[in-house]
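Quick look at what Swiss-Prot lists:
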REPEAT    44-73  repeat 'Shaft 1'
REPEAT    82-103  repeat 'Shaft 2'
Amino acid sequence: MAKRARLSTSFNPVYPYEDESSSQHPFINPGFISPDGFTQSPNGVLSLKCVNPLTTASGSLQLKVGSGLTVDTTDGSLEENIKVNTPLTKSNHSINLPIGNGLQIEQNKLCSKLGNGLTFDSSNSIALKNNTLWTGPKPEANCIIEYGKQNPDSKLTLILVKNGGIVNGYVTLMGASDYVNTLFKNKNVSINVELYFDATGHILPDSSSLKTDLELKYKQTADFSARGFMPSTTAYPFVLPNAGTHNENYIFGQCYYKASDGALFPLEVTVMLNKRLPDSRTSYVMTFLWSLNAGLAPETTQATLITSPFTFSYIREDD
């Protein structure tokens with residue numbers, strides 16, 4: 001009976017089946033194992049190559065889980081673990097921001113919800129909407145009544161407030177010269193104030209009785225347009241020469257003059273809108289006429305002429 005050959009005590013039963021003492025290629029991976037994903041560390045010990053976020057620090061292949069993540073203990077799934085503070089809320093792994101009054105979502109952005117009277121200015125700050133065009137509440141002498149004079153002789157207070165599709169107006173006149181303050185020593189007096197505006201709603205001072213431009217009440221800017229305060233040329237078209245008059249261009253009313261002795265004298269007030277177009281520079285016109293027709297003159301001596309406020313409304317031009 002033949003004897004089996006005895007294996008060397010240094011024989012390695014793992015491929016390539018060589019004696020460690022005689023092997024010319026120590027620690028070569030077996031032919032059926034790819035080096036991709038594996039490494040020998042230390043030599044002769046096969047292990048996995050791990051890069052973040054994988055680790056075998058605990059003896060098994062695991063994910064390194066940082067703050068905000070957790071592994072579900074029931075099914076082993078990876079889940080977020082984010083905590084939120086008020087006003088944020090969390091529901092079904094979604095973070096929400098409750099929206100209160102004054103806020104809205106617009107084009108997937110959180111925005112301020114502005115009501116009437118508010119707007120965004122050029123710096124994207126919330127500002128009061130410029131819906132008031134005026135002379136100011138108490139102007140200096142700014143208007144010329146006496147024909148041919150160069151210096152203002154009266155104070156015109158004019159306030160125009162946009163309200164939807166109309167403008168609400170307020171006007172009053174105060175004398176600032178001997179000429180104006182002696183007018184009511186007469187029984188019959190007519191005081192005429194003409195305002196001519198360009199295409200952007202700015203006063204043309206060389207042709208207007210008012211010699212200073214009207215201003216916005218809030219945040220005056222040098223290049224603002226006041227067109228939206230002007231009387232609509234559709235509602236109040238200019239009257240062509242020899243074409244008669246348009247009654248819709250006239251607003252009639254009454255205010256009062258209080259004499260030095262306390263007596264009240266009615267003044268007929270006529271507001272004429274786009275009465276006539278004097279030249280190519282003019283796009284809008286407002287004319288104010290105060291008329292006194294009294295049996296007796298209100299004054300016997302000089303007294304400051306002050307008309308009571310007169311209010312009116314008209315359809316405005318589009319902005």
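Backbone N, Cα and C atoms are what each Cβ position is placed from, and that goes for glycine too.
Residues 68, 110-113 of the same chain, all 6+ positions outside the repeat 'Shaft 2' (82-103), place their C-beta atoms under 8 angstroms from a C-beta of that stretch. With DSSP states grouped into helix (H, G, I), strand (E, B) and coil, the repeat 'Shaft 1' (44-73) comes out at 0 helix, 10 strand, 20 coil. Model confidence over the repeat 'Shaft 2' (82-103) stands at 80, taken as the mean pLDDT rounded to a whole number.
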